[in-house]
Amino acid sequence: MFHQIWAALLYFYGIILNSIYQCPEHSQLTTLGVDGKEFPEVHLGQWYFIAGAAPTKEELATFDPVDNIVFNMAAGSAPMQLHLRATIRMKDGLCVPRKWIYHLTEGSTDLRTEGRPDMKTELFSSSCPGGIMLNETGQGYQRFLLYNRSPHPPEKCVEEFKSLTSCLDSKAFLLTPRNQEACELSNN
């Protein structure tokens, strides 16, 4: 009898605790514009990589040697395409250029990376002004990435990202140092 009462109390305690400390919901962005053919222009342009979160630190290891990353997202030359250019400033000062092509998936919020059929990217809004969050999944990894229009967003933005991703089972967190000047983005 004691065990049943104890189990019932723990059960109700769990319900109350869960209702008080629910993770905040994040609203998913659509990858298609109002006309169903284009990526929303508000998400095009320059972005800075601020932070990452993942279930394990190994899923973020690719960012360990990075000081900062600046991206430019532009509409592609073909419909349903996005061109992403980046310049990565490594902690040793080197600048490493990168390019990707995302393919929009009609009727879905997924972005698919050209040449990486296993990789799926989903976009989410951020409560932080000028912010956006990505969820990247691929073979053997899942990570959340925080981007902002400013290289130094308010600390509150990073804390909210960390809190949200910890609710989503991310145990590892990485904040880019952003101590060095960002590398210049090339136009090609």
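Backbone N, Cα and C define each Cβ position, glycine as well.
The secondary structure of Cys167 (disulfide bond), as reduced to three states from DSSP, is helical. Feature annotation from Swiss-Prot assigns disulfide bond to Cys23-Cys167 (among others).
All protein chains included, Cys183 (disulfide bond) registers 20 other Cβ atoms within 10 Å of its own Cβ. Feature annotation from Swiss-Prot assigns disulfide bond to Cys95-Cys183 (among others); the stated evidence is experimental evidence.
Using a 10 Å radius centred on the Cβ of Cys128 (disulfide bond) and all shown protein chains, the other Cβ atoms total 22. Sequence annotations record features per position, and here Swiss-Prot assigns disulfide bond to Cys128-Cys157 (among others) based on experimental evidence.
Summarising the environment of Asn135 (N-linked glycosylation site), the number of other Cβ atoms within 10 Å of its Cβ, over all protein chains shown, is 19. Residues annotated as N-linked glycosylation site in Swiss-Prot, with experimental evidence given as evidence: Asn135.
For Glu136, Arg143, the entry in Swiss-Prot reads tetradecanoate binding site. Glu136 (tetradecanoate binding site) falls within a strand segment according to DSSP.
Every protein chain considered, the tally of other Cβ atoms within 10 Å of the Cβ of Arg143 (tetradecanoate binding site) stands at 22. Looking only at other Cβ atoms within 10 Å, the busiest spot among the disulfide-bonded residues Cys95, Cys157, Cys167 turns out to be Cys157.
Asn135 (N-linked glycosylation site) sits 17 Å from Cys157 (disulfide bond), taking the C-alpha atoms as the reference points. Of all the recorded positions listed here (Glu136, Cys167, Cys183), Cys167 has the Cα closest to the Cα of Cys128 (disulfide bond).
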